[in-house]
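Undergrad: Mind looking over this structure? Questions follow.
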């Protein structure tokens, strides 16, 4: 394996995008110009081989792409414009070669280019067992325009920004048939949803630009879990109507029970769930239509004990705050 | 072990320090107000059990304290005021209990309090083998006042900010006699230097405030390595005079050869090495004296091929860009 110096040289970006960048990789820390018109947004997440990804369902390119996508999704959920990212990779002494590491960075880079994000720091270290990727992302949002989970209020409309369950469906296919199977077109859409998810930055920006009281959360752990986070943070009841949840054509080819599990608890679709005041709903829909973005009412907010109620076929049940980790069950 | 929710609850700070903070832990990402008067400084570093720390030489409190200290040291080397940090910990399923994890955070917290830094994010995940800690730190420095490694120029004075080699000396003691040995006072100073190092934030601030052309680098990997980084970044020759390097009373009790190795290559002292124009030297010394800070000339900058020359007893030799990793030799 290359030494650390050679590795760092290989990941220094050939070009940069952000005009606020002063110094990226190469000194003790990166520097960028602050801006009083904006709020800075930052988060750090770690993904571990065997828990968040496995080589039998994700190529290194997908691992990098999706790791960054998951972090960008957190920025989207704040209404932010992505700006910078830093990556720390702990590489096992066995089982990963230089070409695969490069491919992980290429995966991140493909997505970063799309959002004009600059890679400005991080490091690489070695471990004895599994690959660990820590990514810090930064973004910014106009002053006072950030969108919190705690903004929901009685009477609000609950919305989502796209189909749910596809990623979980794709994972099931991959676990069953592997990376090299010759999938049909329908299956490919599910697999792509799992391997190359699209964070909803554009939607976050539309909602932030509206200036309305919007609550927002990204659906990384399944809508059941994320809706509960909004309920808790806003101290309200979230009512979800199952029949309104969006499912792809591909997902509709699967049996009901499987589908429901994926849609409610699957996670990793990286759509957004949020709320807006009822009076603003038509305005938001209009803005989304203009931008070619999907938005769908899936329920409403009620006063009361913070919890999530799922309405399905005229029955109501409390939806627990749980997601499922596909790999954990195997341990 | 607690679930992730319980763990996050336990690490949410009870109070915050930074007035720019809008939202810390608890939403998809943290938010703080940007400021056009400042440049934002950020870095991410990862420490792995068995490579960067071991339980037989560091208690969990020390591990947390030192991990954050190493990152703050990078901020100091830019001339920045520390502001925020985010921590991601990957915890092995065996070998670490909740109390030890708490202690790691207590160690970080002790140092963070000293610098009024707020913990604003991160996560905890599980691994199969060793503990991995990733820390992102942020700071800020007045516009155009940041200090880069590339600022050194012909004729500059090279300085350091304190004693070198103590941390390496402390580690040798700990490897030999363990954590529970009844050390004498001299030994204790070395052990403290290893377990609870002090980043040189105050010195970085004095140098940034000076407005002078200062190059700066923190000595994390040993002065040989760090001086080479300045030589390369500034495209100059760094001449170090061995006899001028500062050593503690404690270190002077060790044989010459051991001492030299520790001082030049030991690392983890987290002092700063830098350069200032010769004409500004007395001004800098005066400012340090006023602030009760140590600063010591240890050499000068010359034109020429980027490298480090060590002068010792009237002999000159090229000092290679190497540090030593005390654990790596055991692998």
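Backbone N, Cα and C atoms are what each Cβ position is placed from, and that goes for glycine too.
Curation plays no part in TrEMBL annotations; they are all automatic predictions.
Sequence annotations record features per position, and here TrEMBL assigns Mg(2+) 4 binding site to A:28, A:74. TrEMBL lists A:28, A:74, A:218 with the feature Mg(2+) 3 binding site. The Mg(2+) 1 binding site feature in TrEMBL is assigned to A:45, A:123. Taken from TrEMBL, the feature Mg(2+) 2 binding site applies to A:45, A:74. Taken from TrEMBL, the feature substrate binding site applies to A:52, A:268, A:324. Under the heading ATP binding site, TrEMBL lists A:105, A:122, A:123, A:149, A:220. Annotated Mg(2+) 5 binding site per TrEMBL: A:221, in sequence order. If you look up TrEMBL, you'll see A:26-141 marked as domain 'PurM-like N-terminal'. Under the heading domain 'PurM-like C-terminal', TrEMBL lists A:154-305.
Any idea what these are sitting next to in the structure?
TA: Residue A:74 (Mg(2+) 4 binding site) counts 27 other C-beta atoms within 10 Å of its own C-beta, drawing on all protein chains shown.
Long-range Cβ neighbours of residue A:28 (Mg(2+) 4 binding site) (same chain, at least 6 residues apart, Cβ-Cβ under 8 Å): none.
DSSP assigns residue A:45 (Mg(2+) 1 binding site) to a strand in the three-state reduction.
Classification of residue A:52 (substrate binding site) by DSSP places it in coil, neither helical nor stranded. Around residue A:52 (substrate binding site), taking its Cβ as the centre, 21 other Cβ atoms fall within 10 Å, counting all chains.
A simple way to gauge crowding: the CB of residue A:220 (ATP binding site) has 24 other CB atoms within 10 angstroms, across all the protein chains here.
Sequence-distant neighbours of residue A:221 (Mg(2+) 5 binding site): residues of the same chain at least 6 apart with a C-beta under 8 Å from its C-beta are A:267, A:323. DSSP assigns residue A:221 (Mg(2+) 5 binding site) to coil in the three-state reduction, outside any helix or strand.
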Undergrad: Check each of the binding-site residues A:28, A:74, A:105, A:123, A:221 and report back the ones whose Cβ is under 8 Å from some Cβ of chain B.
TA: A:28, A:74, A:123
Undergrad: If you measure from the C-alpha of residue A:74 (Mg(2+) 4 binding site), which of the binding-site residues A:122, A:123, A:149, A:218, A:220 fall inside 10 Å?
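TA: Hits: A:218, A:220.
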Undergrad: Return only the integer: C-alpha distance in Å from residue A:149 (ATP binding site) to residue A:218 (Mg(2+) 3 binding site).
TA: 10
Undergrad: Of the binding-site residues A:45, A:52, A:218, A:268, which one sits closest to residue A:122 (ATP binding site) when you measure Cα to Cα?
TA: A:45
Undergrad: On the 0 to 100 pLDDT scale, where does the domain 'PurM-like C-terminal' (A:154-305) sit on average?
TA: 97
Undergrad: So of all those binding-site residues, A:105, A:123, A:218, A:220, which one's Cα sits nearest to residue A:52 (substrate binding site)?
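TA: Nearest in space to residue A:52 (substrate binding site), counting only the binding-site residues, is A:220.
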